[in-house]
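Questions regarding the structure given below will be posed in turn.
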Amino acid sequence: MTDFHGLSVLARGAVRALHWRALLLWWASLSLVALVAALPLYALLDAQLSHAIDAPRYAHALSLLVLGEVVGGAAKDSGTVWGVLAALWGTALLWPWLTGVMVAAVRLGRGVRLFALAAEGMREYGRQLRLMLWSLLPLAPFVAAGVWLVHVARERRFDAVLESTVHWTERGALLAAVLLCLMPYLLTELTRARIAARDDSRSVVVHWWRALKLYLRRPLATWALSLAILVLGALLIAALGWLRIAASGAGWGDWWLALGVTQLITLAGGWLRLARLQVLAQLVDDDATRRAIEAEAWRYDEAA
């Protein structure tokens, strides 16, 4: 038997995800594209709000009326629109590379140098891009199945006797629909973890198929580990988000604090991404070890 316990796996994954080189590349890349979108928006907000009579009050909070005027002005400002579009395009181009960096961080560990990690991310670029495109194919049937479940639950409300039965049926159908929609993403993440842990093929279809078979063998472990690390990361990001809202103010101290907390939120997102891959990679390794033990035991029985 293998030493595979949920809490220890989560703890190891959380600690291994504190990979400062991978997190540095994640933070620098996303900060760069965010800066492309933020500079035109900052210029627009400075022109609209800095010289207003209520500027000190706006530094703490914006009313819905003022917020609507700002959003309307941003939608009409060509510089802001092009800045946001450029940031989105840059993020889409960088995403396969960032994913490759995370996969390489899992495979190579903390000993790899910064530029070697960045180069390994570029080596993974094509494969991660192909995996992103391939993952779109199974998305449609899963989403269609989820929509069908919700539709059936709503159709059967007329046949229900108790109102509570209707509520539980609709909530159950909605939960099942959400899980069905998350399943393609989970399979894609499991495929990335398998590429990181068992890089035995250049074909993303082969890796995806083997990840699917692993999921069918260990569905509860896959869901439990993924949801547990997701909840942990969501709580961390929510706490930092609350701190960011509380740090709003007009002084330079509040500005630097808000900026620092925003960067921590970016780093927390990268840590969550890497921790999920680390946890699933341990599942891949454990499954391979179990299968090897079972195969050895079968050969021993055949020989006996």
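Glycine too: its Cβ is placed from the backbone N, Cα and C atoms.
According to TrEMBL, the record shows the following:
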{"type": "TRANSMEM", "residues": "24-45", "note": "transmembrane segment"}
{"type": "TRANSMEM", "residues": "57-75", "note": "transmembrane segment"}
{"type": "TRANSMEM", "residues": "81-106", "note": "transmembrane segment"}
{"type": "TRANSMEM", "residues": "131-151", "note": "transmembrane segment"}
{"type": "TRANSMEM", "residues": "171-188", "note": "transmembrane segment"}
{"type": "TRANSMEM", "residues": "220-243", "note": "transmembrane segment"}
{"type": "TRANSMEM", "residues": "255-274", "note": "transmembrane segment"}
Counting only residues 6 or more past its boundaries, what in the same chain has a CB within less than 8 Å of a CB in the transmembrane segment (81-106)?
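Same-chain contacts beyond the flanks: 16, 19, 21-22, 25-26, 29-30, 32-34, 36-41, 74-75, 112, 117-118, 120-129, 132, 192-193, 195-197, 270, 273-274, 277-278, 281.
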By Cβ distance under 8 Å, which residues at least 6 away from the ends of the transmembrane segment (24-45) in the same chain are close to it?
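Sequence-distant neighbours of the transmembrane segment (24-45): 70, 73-74, 77, 79-80, 82-84, 86-87, 90-91, 94, 97-98, 101-102, 114, 117-118, 121, 263, 266-267, 269-270, 273.
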